[in-house]
C-alpha cells in the first residue's frame, strides 16, 4: 500500500485555474496586439502579475515532490529544507502577483473613467493603497527571519517574526482593495450607454469578481487552524488551491472584457446575438437601424410611411427630419433628391481594452431616384 497523499488535488487545484487564466491572458494580448494594434501599461502590469502567478503555480506543484499533501511523518528529512524554501518563495510571489494585477486594474480604470474628476481621485487613492500595503508585506515576507535562511533552516541561530500579524494584515488589506475595486466599477458600468445584454455581461464579470473575495476569506479561514497543527503538510493541502483560485480569477475577470474584438472578428454571430434593440435606459441605442440615416442635402417634400399610417413632412432642416424618424423605420421617397448617410458619434468609454474615443455608427446610403415612384426602404 502506497503512502497516502493529497498531491493530485494540489496539482489539479493549482493547474486548472492557472491554465484557464492563461487562456484569457493570451486572448487579451492577441486582441490588443493583433486586432487593436496597441498594448497599454495595464497589459504590461497584467503580464508581470501573470508571470508571478505562473511562478507560484510551479512552486506549488513542485511542493508535492517534497511532501506537500503528505502526512508529516511520511516526509523524509531530506525534503524538509526544499519544502520550506518553496513555501518561502510562494509567499513572496503571492503578494507580488496580487499587487501587479490590482495596479493593472487601476490603470485600466483610469483610462476608461479617468475623465471624471471624482473617479480619477478614487483611482489614485486605490493605487496608492495597494502599493502602501504591498511593500511592507513583501519586506516582511522576505526578511521575516533573521538571518533569512532560518526560514528554511530552523536549526540556525536567530529569530523569526510571528506570522499571525502578517497573515491578518495581508487578508484585511486585500479584502478591502478587492471590495473597493468591485464597488467602484459597478455604478460606472451601470451608467454606460451600451447594449443591455453586453452591459449585463460586464456586470456578470464583476459579479464573478466576488469569487476572489470568497476565496480570500476561505483561504484565511483554513490557514489559522493549521498554523500549530503537528500534521501541517497534510491538513494545509488546499491553502495553495484557494490562493490559486483567488489570483487567477482576478486575472480572468480583468482579461475577459478585452475578448470583445476577438468575438467580433471570429464569431460575429455571437456578438449579434448579444445586440439588443434598446440600450440600458430603454431608448434606442446608437447603431440601431432605425436611427442610422438622417441627413439630406436639400430641402423638399418627403413621404414618410409606417405600416398603414401615412405621414407627410415638409423638411426645413436635417434636425427636423431626424426628430421625426428617430425611433421608427420609415420609408422615404423623393423625386430627384440626393439623400446620403449621416454619421453619428458620441464619446463613450471602451470596455474592451481600447482607448476612449468616438464610437461611430455609419448610416445607410439611400438610392438616388430619377423619377417619382414607390418609396424606397431604408
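Don't overthink the numbers, they just go from 1 along the chain as shown.
Cβ coordinates are placed from backbone N, Cα and C, and glycine is handled just like the others.
All TrEMBL annotations are machine predictions without curation.
Sequence annotations record features per position, and here TrEMBL assigns domain 'Rhodopsin' to 28-265.
Here TrEMBL flags 279-299 as region 'Disordered'.
Residues annotated as transmembrane segment in TrEMBL: 12-31 (among others). Beyond the ends of the transmembrane segment (12-31), by six or more residues, the same chain brings 39, 43, 46-47, 50, 53-54, 57, 60-61, 238, 240-241, 244-245, 247-249, 251-252, 255-256, 258-262, 352-353 to within a C-beta distance below 8 angstroms of the stretch.
Residues 5, 7, 10-11, 14-15, 18, 21-22, 25, 28-29, 32, 74-76, 79-80, 82-83, 86-87, 89-90, 93-94, 96-101, 103-104, 107, 233, 237, 240, 243-244, 247-248, 251, 254-255, 353 of the same chain lie 6+ residues outside the transmembrane segment (43-68) yet bring a C-beta within less than 8 angstroms of a C-beta in it. According to TrEMBL, the transmembrane segment annotation covers 43-68 (among others).
The transmembrane segment feature in TrEMBL is assigned to 88-111 (among others). Counting same-chain residues at least six beyond the ends of the transmembrane segment (88-111), those with a Cβ under 8 angstroms from any Cβ of the stretch are 40-43, 45-46, 48-50, 52-53, 55-56, 59-60, 63, 119-120, 123, 126-127, 130-131, 134, 137-138, 141-142, 151-152, 170, 174, 177, 181, 184-185, 240, 243, 246-247, 250-251, 254, 353, 355-356.
Among the features that TrEMBL reports, transmembrane segment is placed at 123-144 (among others).
Listed by sequence, the residues of this chain that lie at least six past the ends of the transmembrane segment (164-190) yet keep a Cβ under 8 A from its Cβ atoms are 95, 98, 102, 105, 109, 112-113, 119, 122-123, 126, 129-130, 133, 137, 140-141, 144, 199, 202-203, 206, 209-210, 212-213, 216-217, 219-220, 223-224, 227, 280, 351. Among the features that TrEMBL reports, transmembrane segment is placed at 164-190 (among others).
Sequence-remote contacts of a segment are chain residues at least 6 beyond its ends whose Cβ falls under 8 Å from one of its Cβ atoms, and for the transmembrane segment (202-221) they are 167-168, 171, 174-175, 178-179, 181-182, 185-186, 189-190, 192, 239, 242-243, 245-246, 249-250, 252-253, 256-257, 351. Residues or ranges marked as transmembrane segment by TrEMBL: 202-221 (among others).
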